[in-house]
Amino acid sequence: GWEGPPPPRGCEVFVGKIPRDMYEDELVPVFERAGKIYELRLMMDFSGENRGYAFVMYTTKEEAQLAIKVLNNYEIRPGKFIGVCVSLDNCRLFIGAIPKDKKKEEILNEMKKVTEGVVDVIVYPNATDKTKNRGFAFVEYESHRAAAMARRRLLPGTFQPWGHTLQVDWADPEKVVDEETMQRVKVLYVRNLMISTTEDKIKAEFNKFKPGAVERVKKLRDYAFVHFFHREDAIAAMSVMNGKCIDGASIEVTLAKPVNKESTWKQHFNGQISANSENLLGFPNKEDGTQKSLGKPASLSGCLNGQHSPGLPEVERCTYPLFPGIKLTPISMYSLKMNHFSSAVMHLDYFCYKNSWAPPEYCLYSATGQDGKILLVCKVFISGIGDDSQSYFMPEKLCTTVEDAKELAAQFTLLHL
């Protein structure tokens, strides 16, 4: 028996893709290989079958990490592979449709008026106008229960601060990276830069404390990744540069979180999030729009024309029998969640709609390859998101089909929004 308080956060793992006819008698022996189990919760439905996922609580974080390392992609039955990743109680809500002139203190006070257990509000400056916010915020609560109660209280129609109907949903928790991996990181993530700030300027600023320490800089809109030759220089630069001003903008500097390439699946259950594959760069981003994550939208790896490209959340691609008598209800695609869309084209259309932008327009261009083959590329235009230079997006890759060119252009646009 277990004596003492429950294990701390970080001791629970999420298990997905469990065969529907599998139960505790088979699961417990498998997961006991990683350590002592405090609790195993297998989610069941009314048919008596499991729902395909479970939560396993270990007594230590080390045992949970071992379970992820050993049992992720484990063949639990012939041809049946389970997914295992860290599971954390979600204590953060995403609040969208906030007036862009509201400051952190105003938003914090409004949230405290109607919800309990508010710990903090995270607000990001607009990419082009640092005096405004980006139209959304993240509200941190003291517990998952407090966040769940707040979410219910803030649902549209029940609370309209500043005369606005808010968008409320669970925020995607920040990706958890094990300490061993983070100890090897020598890349800094720099956010809140001015759009006009160049990569050369960033490199020069970060080289000031030690000339030649920076290997290279990659900048995208108002954030950048600064790569160092040595980790100790990255750590020193982070402490020196965090909060400094570059071209009039106060920057935030943190260690970049590398991608876990083995974690390429994602599921949401009642505010829980599993592992997610990351973007092409493999590091977090905070950008404009109704993005529910403190990092870049989770994405799967797509291959278009032989190129590795950023993609979309992996979705269940299955068909089910349409039995006689099943009720069919008309529905708008805009009432669905983003994880219902398997293509970047549909995802981008949904994203524009949710931000009250005009639908994306695709302009097709062609070029002739060295072998005489016609190659294609799409330019995407979205009106209403900035000046002309910020409204056009075009990847630097040519494709052999119109479908691939359009999909790649949509993926490229999503990456930069």
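Using N, Cα and C of the backbone, Cβ positions are placed for all residues, glycine too.
Unlike curated records, TrEMBL annotations are generated automatically.
According to TrEMBL, the protein has these features:
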{"type": "DOMAIN", "residues": "11-89", "note": "domain 'RRM'"}
{"type": "DOMAIN", "residues": "91-173", "note": "domain 'RRM'"}
{"type": "DOMAIN", "residues": "186-258", "note": "domain 'RRM'"}
Within the domain 'RRM' (11-89), what mean pLDDT does the predicted structure show? 91
Across the domain 'RRM' (11-89), DSSP labelling yields 19 helix, 31 strand, 29 coil
Could you break down the residues of the domain 'RRM' (186-258) into DSSP helix, strand and coil, giving a count for each? 20 helix, 26 strand, 27 coil
Over the span of the domain 'RRM' (91-173), count residues by DSSP class, listing helix, strand and coil in order. 24 helix, 27 strand, 32 coil
